[in-house]
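Enquirer: Copying in the features that Swiss-Prot gives for the protein in this structure:
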type	residues	note
TOPO_DOM	1-8	topological domain 'Cytoplasmic'
TRANSMEM	9-25	transmembrane segment
TOPO_DOM	26-43	topological domain 'Periplasmic'
DISULFID	Cys35-Cys38	disulfide bond
TRANSMEM	44-58	transmembrane segment
TOPO_DOM	59-63	topological domain 'Cytoplasmic'
TRANSMEM	64-81	transmembrane segment
TOPO_DOM	82-136	topological domain 'Periplasmic'
DISULFID	Cys94-Cys122	disulfide bond
TRANSMEM	137-155	transmembrane segment
TOPO_DOM	156-161	topological domain 'Cytoplasmic'
Amino acid sequence: MQANSRAYFLLIALVSFGLVGVALYLQFEKGYQPCPLCVMQRFAFIGIGIFSLLAAVAQNTRSLWQGLGMLSGIAGIAVAVYHVSLLLNPKASCGIDPLENWVNALPTAKALPQVFYADGLCTAPLPPVLGLSVPAWSLIWLFILTLTLAVGLIRREKNFR
C-alpha cells in the first residue's frame with residue numbers, strides 16, 4: 001500500500017509540473033504571454049506538485065500535505081473560473097489589470113521572471129488549444145488534480161476507521 005501511495009502522489013506531482021511545462025512551451029514556443037491570472041494558476045499547479053511530493057515522502061504528515069495540495073487546487077480553480085468568466089465577458093475588464101503590479105512585485109517574479117512575470121492581458125484573445133482556451137484547460141486539470149487528491153484523502157481516512 002505504501003508503494004502505491006507514493007506512486008499516486010508522484011504521479012500527481014508529475015502531472016502538475018508537466019502542465020507548468022506545457023504553459024512554458026506555449027509561452028516560449030507559441031508566444032502566449034502569461035497574464036497575472038495565468039501566473040497565479042501556475043502557482044496553484046506548482047503548489048499541488050510540491051505538496052504531492054511532500055505527501056509522497058512524508059508518510060506521517062501525508063494528510064497535511066494532501067490537504068495543502070487540495071487548498072492550492074481550490075485556489076487555482078477559483079482563479080481559473082474567474083479567468084474563464086473574463087474571457088466570456090471581455091467587457092467586464094477595464095484592460096489594465098491592477099493584479100499585474102502585485103504579481104510582478106512578488107519575489108518569484110524577480111527570481112524567475114521567465115516563469116512568473118506577467119506581461120499579458122487577461123482578456124487577450126489567444127488561439128485555442130485543442131478547441132479550448134488555456135484557462136479552460138487549466139480549470140479542467142486543476143479540478144481533476146484536486147478531485148484526485150480529495151478522493152485519495154477520503155479513501156485514506158476510511159482505511160483508518
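Cβ coordinates come from backbone N, Cα and C, glycine included.
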Enquirer: Ranking 9-25, 44-58, 137-155 by the number of C-beta pairs under 8 Å to the transmembrane segment (64-81), which range is first?
Expert: 44-58
Enquirer: Sorted by position, what residues of the same chain at least six away from Cys38 (disulfide bond) have a C-beta under 8 A from it?
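Expert: In sequence order, the residues whose Cβ lies under 8 Å from that of Cys38 (disulfide bond) (at least 6 apart) are Ala23, His83, Ala118, Gly120, Cys122, Val134, Pro135, Ser138.
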Enquirer: Which one is it: of the disulfide-bonded residues Cys35, Cys122, which Cβ has the fewest other Cβ atoms within 10 Å in this structure?
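Expert: Comparing Cβ neighbours within 10 Å for the disulfide-bonded residues Cys35, Cys122, Cys122 has the fewest.
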Enquirer: Checking distant contacts: for the topological domain 'Periplasmic' (26-43), what same-chain residues at least six beyond its ends satisfy Cβ-Cβ under 8 A?
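Expert: For the topological domain 'Periplasmic' (26-43), the sequence-distant neighbours (Cβ-Cβ under 8 Å, at least 6 residues beyond its ends) are 20, 72, 75-76, 79-80, 82-83, 86, 97, 99-100, 102-104, 108-109, 114-122, 124, 126-127, 129, 134-135, 138, 142.
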